[in-house]
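As written in Swiss-Prot, here are the features:
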| type | residues | note |
| --- | --- | --- |
| ACT_SITE | 325 | active site, proton acceptor |
| BINDING | 52-57, 75-90, 260, 426, 442-443 | FAD binding site |
| BINDING | 281, 293, 392, 437 | substrate binding site |
| MOD_RES | 83 | tele-8alpha-FAD histidine |
| TRANSIT | 1-31 | transit peptide |
């Protein structure tokens, strides 16, 4: 293939002088030439560069600008179109507005939800910071739903308890009706506009710029509007590029969720962590994949099978429909397998909201009522919604510590910090979610760790610090690869390779997995990667070339998919979202460790690093592993 990693070897390119009429005044432009084309390359220098403008990227950019850092935010789509906008249910924080609460109880639930694969120092940091993060959002102007006495309304959510699991259901999820992500994204974008962050909208980040010592010096990106290439030099680069849900055929993710940051890191020779843990949300609309928030069950919604039975009472006697997501998804899948599915093909389940008062639906779940009417054709006040477990979230990603700094294995040190590189949000793996994320912890994750990245930069750097110059050849290999890809003349269109990859992932790395399906999946996903060598691009232009962009995104997805499948095949246990039918028990002795997947010479190499069982300080003791029952 044209590129296996950033260090791919290509002949040196001739360089000439040139300028770009669209380049900012402060940027220097020149031409890079390949055998077939010349490319305008514009150089920029910033204290910090954020890649991605969803919740994590915006919160990082806001923090950096507040600390006085000259900050650029690169995003492939307009900030308010980022996938954070699709988050519905809410954001967890132990505010105690509905019942007594404590961040330590929240931490216990998160550790238990992670099936003891989460790093307890990072989880402590997130849960302790949560109330502060929510109050900060309120001060920014986020229009939270309210109780009658004016406090932020908090609803019940899955896997949440009081008093370390002994005190019943917690009401911890602060929400803005069922459009919390939408409210958050617009609120954060408004805040970012107040500060001096420079946005580069519709710029597609292609690769990290790494020096010979393994320090990240920035990124190279394509301006999709005019076809110019841009090298962003920065002391600190923060990746907030989201997940890779579109590697699957049916997903709640937007079509833009293609794991771009993950793939950039993998090509730079750094590992991706715990990619085998893919969350299936229990309630995607049957046939459409659109999300029905867990908040619908938090407000009293009930799952029923073809016999009208509330079957979750059998699988999770205490939590019932509000067990954690992996438990509910597996339970639904088992009901369908055993012939108790609904519909003509008996291949889905009903979510009943029709017993709830219409005023509750109107006030607390207005978006769900609308979504169900459009995509399922049902009136939720009278009929159940047809639902099916659907790919929703990637627990794995770029390994980081609780400061947001990217870490890698270096000699005997499993926590070696990669200088100049950070990550936050779904792209990162801190790991606060471990093997299974609790609902409403993702919006918390993005604001807490977006802010943590900015604070860490403020601790370790000063605005305006002198930077090491880029090598003249920095980014040349990426440009040569882009040129080759743009002129690719194989026999397979991007859409055909992508569909094949999505079907392999859907069939072979699903809710339940076996050695047979995973071994077959490894072979098939490798073939899908090999077929990418034969891709055909019809549009040769550089301006608004969706064919080219989708092909780059496909490469990024394929890298994520290959590492996911191989990591899943290697893990011989069931833990959280990784459910093996041939290894049905959790094996703490052999497998309480993080998987690391390296992308080397177009093949996956696996390694492992320990889970952090330690807490940050004496405020809370670590929670030892025990059976996970809801």
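From the backbone N, Cα and C atoms, a Cβ is placed for every residue, glycine too.
Note that the coordinates shown come from a computational prediction; the quantities given were computed from them, not determined experimentally.
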Can you grab the distance from residue 325 (active site, proton acceptor) over to residue 281 (substrate binding site)? Cα atoms, rounded to a whole Å. 6
Same-chain shell around substrate excluding 281, 293, 392, 437, C-beta within 8 angstroms of the CB centroid, reads 89, 252, 279, 282, 291, 294, 325, 393, 439, 442
Judged by the number of other CB atoms within 10 angstroms, which among 56, 85 is the least packed of the binding-site residues? 85
Out of the binding-site residues 81, 281, 392, the residue with the smallest number of other Cβ atoms within 10 Å is 81
Judged by other C-beta atoms within 10 Å of its C-beta, the most isolated of the binding-site residues 52, 89 is 89
Substrate site residues 281, 293, 392, 437: biggest Cα-Cα distance, Å? 14
Count of other CB atoms lying within 10 Å of the CB belonging to residue 293 (substrate binding site): 29
Using the alpha carbons only, what distance in Å do you get between residue 52 (FAD binding site) and the residue listed as 'tele-8alpha-FAD histidine' once rounded? 10
One finds that other Cβ atoms within 10 Å of the Cβ of residue 325 (active site, proton acceptor) number exactly 25
